[in-house]
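TrEMBL lists 18-38, 50-72, 93-121, 141-166, 173-193, 205-229, 241-259 with the feature transmembrane segment. Residues annotated as region 'Disordered' in TrEMBL: 308-338.
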Amino acid sequence: MELFLQEDLCKDLRDIRVVNLIVSILIVVGMLISYLPQHARIIQRGTSEGISPFFILLGTTSATSAFANILLLPQSRQDVACCKELETLHCVAGLLGIAQLGVQWICFTFIFVLFLVFFRYNPSHDPDSQDFDEGEDTPRWQTALLVASLTLLHGLAVIVVSGVLASVAPDKLGLWANVLGVMAALLAAVQYIPQIWMTYHLKHVGSLSIPMMCIQTPGGFLFAGSLFARLGVAGWSSWGIFVLTASMQGILLYMAIYYEIIASRPLQSSPRSHLHANGFDDDVPGRYENHPEHFAETPEHLQAIMDRQESDAAAETAPLLKPGGIGAPKVNYDSTSR
């Protein structure tokens, strides 16, 4: 009887739907590809400057909660148990839903690791940060340590609670899975707020990857659309969180592109006049410059320098520097005169 029930529960996994299988594989591959530019940018720049530590904290804990949620759901545990009775292809196809959240958790956890490895609390060593004041809007090492501690404690707590419930009260695992699902949704809902705030104040993207957001923002809306088509308006709690996160990521993407465009423009400085009040060019050597012939390239240039010096001398208001005054080149310093 139990074998019959097991066979009946695993029947859906034996019926592979080609369209769903292709879509699921594309989602897994696309999710992996979307995170690679972020990994590469942090490694390439050698710094995680510009990435909010609280964005990392919320994103990692949200991904951890979501992955633990799908692992502990009764349907997921049933699918894993069915793999003992199924062929490898059917088992892999049935577990692609778990694989999607697993890839997301691995990719974001790797961002968390790179953030800590390449964290710099002294931005003066970063050539891309020379235009910013040291310490301004820059997270301190204590903040990075706090983020690392809270992230690790959260992961440890999820593992311990899940293990205890699995041993003592397996019937409570479903409730715990729902708690983790709500936690993941709440954390994801506010995940981008700290990053938007930091990018707005820094006015540059730093190590944040624009290609990653270009892939994930429309992907989030498409994923929300697919859930809406399946669940309808009644499933707003499922697809609504993806609409919210995709919208906030879209705002961050817009800001990042805007600041990149501004940074790529040449500095537009108003042309300044090179003429002094005396009518001579500002680039001509200053008053009473010794050996003006060293600055002249042509006889005309030398004459312009000498005319400039004579004009400045005539306009000098300090008596000691006027022609004939103390220190003037035409004064006779004969030591034999009385």
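Note that the numbers count up from 1, one per residue, in the order the chain is shown.
Glycine is no exception: its Cβ is also placed from the backbone N, Cα and C atoms.
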Spell out yes or no: are there three or more C-beta pairs under 8 angstroms between the transmembrane segment (205-229) and the transmembrane segment (18-38), with each pair 6 or more apart in sequence?
-> yes
Does the transmembrane segment (18-38) reach the transmembrane segment (93-121) with at least 3 CB pairs under 8 A, where each pair is 6 or more residues apart?
-> yes
Leading contact stretch, 93-121, 141-166, 173-193 vs the transmembrane segment (50-72) - CB distance under 8 Å | 173-193
Other parts of the chain folded back onto the transmembrane segment (141-166), taken as Cβ under 8 Å at six or more residues beyond its ends | 53-54, 56-57, 60-61, 64-65, 68, 72, 112, 115-116, 119, 121, 172-173, 176, 180
